[in-house]
């Protein structure tokens, strides 16, 4: 493994976060497959309506801004907190900051929101993104004293990151155009890879996360990416089931996440 990743740093915090990040995300993905969803977007009111009614709610736009801003600020702060002694940590901090800047930009100027989010879900997502961003940059800082992996993947990682972030943005743009302003009804998305999978934006998000992992080449980065991929697989499968239940004419050949496969 040391051919491809840095040795794990002697840090109890990073070790614990490596385990927690993977297991929590993978567990959420399994919960999605079992029909127990995080309550946002089209799954806001899934589960007990009585308990959902008691939750503190925010507009989706406000909720997503709260979810993404701490991680973006952590990315910005990493340039100050950690000396940019080599190109790898500079690329990593830049990729994370760009990733969350793009998400905030989309919240403000691209997405066409029509619903609400529960405050507890917003805070959980926000904390998760913040801790993940802080941990991956800290783990990279600790790895600077170790020998570089013999196989250098950071430039391949940059390419995958750019493909992922571009594809994700494009499909978010397509999603924003399927409803006019004020329209709250869901429609079947079209264009791009939507003719093959119902969640191409998730697919490209995974590609972007793989890119970040290859830039970093730390165990924590890979554990975060694998856990996130498992969650998005579960969420995309649940999303496909939702569309099949809501639209009689939903094309059965459209997969959840990976064209022709899954």
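Using the three backbone atoms N, Cα and C, a Cβ is placed for every residue, glycine included.
Taken from TrEMBL, the feature transmembrane segment covers 12-33 (among others).
Feature annotation from TrEMBL assigns transmembrane segment to 65-83 (among others).
Marked as transmembrane segment by TrEMBL: 89-109 (among others). Long-range contacts of the transmembrane segment (89-109) within the same chain: residues 61, 64-65, 68-69, 71-72, 74-76, 78-79, 82, 129, 133, 136-137, 140-141, 144, 154, 157-158, 161, 165, 168-169, 172, 208, 211-212, 215-216, each at least 6 residues beyond the stretch ends and with a Cβ under 8 Å from a Cβ of the stretch.
What TrEMBL records for 121-141 (among others) is transmembrane segment. Beyond the ends of the transmembrane segment (121-141), by six or more residues, the same chain brings 9, 11, 13-14, 17, 21, 24, 38-40, 58, 63-64, 66-71, 74-75, 78, 81-82, 88-89, 92-93, 96, 100, 212, 216, 218-221, 224 to within a C-beta distance below 8 angstroms of the stretch.
Feature annotation from TrEMBL assigns domain '3-oxo-5-alpha-steroid 4-dehydrogenase C-terminal' to 136-262. With DSSP states grouped into helix (H, G, I), strand (E, B) and coil, the domain '3-oxo-5-alpha-steroid 4-dehydrogenase C-terminal' (136-262) comes out at 80 helix, 2 strand, 45 coil.
According to TrEMBL, the transmembrane segment annotation covers 153-170 (among others).
The annotation transmembrane segment is assigned in TrEMBL to 191-212 (among others). Listed by sequence, the residues of this chain that lie at least six past the ends of the transmembrane segment (191-212) yet keep a Cβ under 8 A from its Cβ atoms are 92, 95-96, 99, 136, 156-168, 170-172, 174-175, 221, 224-225, 228-229, 232, 235-236, 239-240, 243, 254-260.
Annotation source TrEMBL lists transmembrane segment at 218-234 (among others). Cβ atoms under 8 Å from those of the transmembrane segment (218-234) belong to residues 5-6, 8, 14, 17-19, 21-26, 28-33, 132, 135-136, 139-140, 143, 199, 202, 205-206, 209-210, 212, 256-257, 262 of the same chain, restricted to positions at least 6 beyond its ends.
When averaged over the domain '3-oxo-5-alpha-steroid 4-dehydrogenase C-terminal' (136-262), pLDDT in the model lands at 93.
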